[in-house]
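Under the heading domain 'tRNA-guanine(15) transglycosylase-like', TrEMBL lists 31-404. As annotated by TrEMBL, Zn(2+) binding site applies to 341, 343, 346, 372. As annotated by TrEMBL, region 'Disordered' applies to 479-503.
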Ligand SMILES: [Zn+2]
């Protein structure tokens, strides 16, 4: 179908109808071009990516900066990640469910009207949940710990929150290294039942109520183990679903032909641009890209282009995919973060300023890097689409692999404070602190010296000291080597003598 005629077809669509148009495809397991459209929202050209949010926003980027400086037409929001959403469940009604406006989730997170909103149950990547899934519930990690949400609750939440797309619940035992055959049978049975639940919920909405598209999960297990589910998808549900959510890109081969016209959303987190390219070469359409925010947190400015520039020499050294902005080598550099980048950070600031911001732990540093990194990935996907269009994708991928190192640079600097959901379950078991201690408590001797410096006398009733001192000490903790207590020994000597005399 030509672009022209598909545009005409779009005009005839009823409002609120999600439409995926394949603009170019050369068969199964090949890169393809498409466009995901919904009336009132900006279209997403595929292959492309949507923002991976935390608490409803792209980390470090407030919604006004998102509007002004981030070229991303859609976002992914995980239900488990929405503060105030499942946190008090089921004891009280979470605030958002009392937020009685149309498209309450969009309104609640102040997402621009023209940005496509995709809702799923779990973050990408999810933290392994010790709460096992059951026939009716899945374990999630909310801001108040691990909990279960039922399929019924999820469907009701979808109806209330009115996103544009809902990803069906998938029964995947994340983190379990080997999954038995029986468990895998259960995975497909449950996933099918839960998908039917969400379809039934959508079919039951009243006229005039906002509808939503449904993406059916494709499980990360062999085709024969989910063959019933896939058959039912094709025979009974194909007209009810609007896309597929894929958890293992290397199983794309197992996708039945009858589902090939649907957009494919990847939940197979790529670790590098190379892995993105591999998934694109298999025909993946839409991505959330967790390595973007990981790089930003690590102070790494992504620095790659697709197609790669022609190599200027024959050397075998490959270029790095990013710059570590913590490095002192940038301290005097007045060049943009990345040459030729048109993003806000690169057009207004230079590397030295960014290095300073990170060193000073200024939040703005991460804001600027995040905006740049998103711009880099947008440009990457634009390049990918042009390459597929031109029919040079395979050659361009080979050149990219030869030009750039295979992995992102190692994290060296200290990132912003991590939150509980940002480290993996196995890390929870480790004893050491995830965030180094910014302050420490003083020993007894130091406390005496400090108190003296501040004019406090040692307590005449030592047994009461622990009771009284704690509060007073809060302000003193960590005041190492400050000039305020220069030469306190003299004062302490004096105080002690005075005190002794009284006693
Ligand atoms: Zn930039």
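The backbone N, Cα and C atoms fix where each Cβ goes, glycine too.
Feature map: annotations from TrEMBL on the structure.
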| residue | record | Cβ neighbours (10 Å) |
| --- | --- | --- |
| 341 | Zn(2+) binding site | 19 |
| 343 | Zn(2+) binding site | 22 |
| 346 | Zn(2+) binding site | 23 |
| 372 | Zn(2+) binding site | 26 |
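Each of 336, 337, 338, 342, 344, 345, 347, 371, 375, 376 belongs to the same chain as 341, 343, 346, 372, is absent from that list, and has a C-beta within 8 angstroms of the C-beta centroid marking the Zn(2+) site. Summarised as a single figure, the pLDDT of the domain 'tRNA-guanine(15) transglycosylase-like' (31-404) averages 92.
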